[in-house]
């Protein structure tokens, strides 16, 4: 039974998660994901330039990583929550309605990384260089994406009377509107722990910590991305234990709790191995490989240069 909620402060949730403009339905969940992609791409390009690359190269890789990541995130969600789409009375086509919500971060990261590998290979950039540059941006994107769950009134914890308790409405996913009571007011399911907010704030803090540690200690190539996985999974493990919405379980624990624990251990081991290696960035080097960025990919070979004769004419000297 839900505890009695005393009067006081609470975090309100929207009663509308979508708007219709003519025949087009705009989901706020999708807008949050899009905003996260834009912010993450901006920070990634900025950090990638500091590692010897260019904005154009960063965007080329991002254009591969993003669609792969979205597909991977959806696949992970559908596989781990297949009962939502398959079985008696279920609609399998719902698995394709990504705008209604449902992306698994681990599928997004894994398949997105595969897309980034393709883009990095095509642009002559080492994957570790791009991954290290992208790590804080991924956390910013995840922090923004969690607000899509706020619009959908989902991903909350146990009932609570804390001052920052989250109001949750009974939402109709088909219409993007809260279900109304007999007197015409939005139906409230209760007040719960705002786990979406906890995770969003954790991602912001982890992003700031990553940037600080990368600058302070010049972490080795690939270790920044490994540390991103360590930090995120540490928080996600705790937040999964707090959540009260339905999820498939293994031995009494949510699937994502197990995944977070296993990835934390694996990423921690990788970080300890890679942290002392040479850094994946150096804007001061003029060697053929600028710490992971192959200058020959742009047609420039630092072993070749131009000289000017006494008449001002330039001659290419191999």
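From the backbone N, Cα and C atoms, a Cβ is placed for every residue, glycine too.
Marked as compositional bias 'Basic and acidic residues' by Swiss-Prot: 293-312.
Annotated region 'Disordered' per Swiss-Prot: 293-318, in sequence order.
Swiss-Prot lists 23-43 (among others) with the feature transmembrane segment, giving sequence analysis as the kind of evidence. Long-range contacts of the transmembrane segment (23-43) within its own chain (CB-CB distance under 8 A, at least 6 residues past either end) are made by residues 14, 16-17, 58-59, 62, 66, 99-101, 103, 134, 136-138, 140-149, 151-152, 176.
Remote same-chain partners of the transmembrane segment (59-79), defined as residues 6 or more beyond its termini with a Cβ less than 8 Å from a stretch Cβ, comprise 37, 41, 44-45, 85, 95, 98, 102-116, 118-120, 122-123, 125, 130, 134. The transmembrane segment annotation in Swiss-Prot covers 59-79 (among others).
Taken from Swiss-Prot, the feature transmembrane segment covers 98-118 (among others), and the record attributes it to sequence analysis.
For 124-146 (among others), the entry in Swiss-Prot reads transmembrane segment, with the evidence type sequence analysis.
Taken from Swiss-Prot, the feature transmembrane segment applies to 192-212 (among others).
Summarising the annotation, Swiss-Prot assigns transmembrane segment to 219-239 (among others) and lists sequence analysis as the type of evidence.
Residues or ranges marked as transmembrane segment by Swiss-Prot on the basis of sequence analysis: 253-273 (among others).
Looking at which of 124-146, 219-239, 253-273 has the most CB pairs under 8 Å to the transmembrane segment (192-212), the answer is the stretch 124-146.
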